[in-house]
Amino acid sequence: MGFEITDAKLKRAGLDYWHLLDITTYPDSASFFAQNRGPFYFFTTKARRTYTEPQYPDGAYIVFGREDAGLPEELLFQNPDCCVRLPMIAGARSLNLSNTVAVAVYEVLRQWDFPKLLNSGRLTRFDWEAAGPSE
């Protein structure tokens, strides 16, 4: 279930964000689950409900498996009500892991009204406010 945060591609992908993260590492998944209370939401192509159905409370963990294998089926079987999925076209491959994580994280943040995120932007060369209301 884990991955190496020392991987050069991973570090490059998050180049501008590493200083904003609070990273905790665990030797294995059993240690993670023993030290964290949850609730847990397991993202899997095998789930019976979509990721938009739960209300994600503060302190929730969204859990993803390896891109090539997903989460262990034993874990999914033991937690059926905690499994969620992104809707997909029948017969098509699922989204890659980074896209799935992005969709999931933004759904949680949307439900929490995007805390600490900017909800509006500004044009560089134009000013919407000076232009007046749009029709």
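Yeah, the Cβs are placed from backbone N, Cα and C, and that goes for glycine too.
Residues annotated as S-adenosyl-L-methionine binding site in TrEMBL: GLY65, LEU86, SER94.
Sequence annotations record features per position, and here TrEMBL assigns domain 'tRNA/rRNA methyltransferase SpoU type' to 3-106.
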- [ ] Mind tallying the domain 'tRNA/rRNA methyltransferase SpoU type' (3-106) by DSSP state, helix then strand then coil?
- [x] 35 helix, 13 strand, 56 coil
Task: Listed in sequence order, residues with CB under 8 A of LEU86 (S-adenosyl-L-methionine binding site) and six or more positions away - done: PHE43, THR50, TYR51, SER94, LEU95, THR100, VAL103, ALA104
- [ ] Take the domain 'tRNA/rRNA methyltransferase SpoU type' (3-106) and average the pLDDT across it for me.
- [x] 90
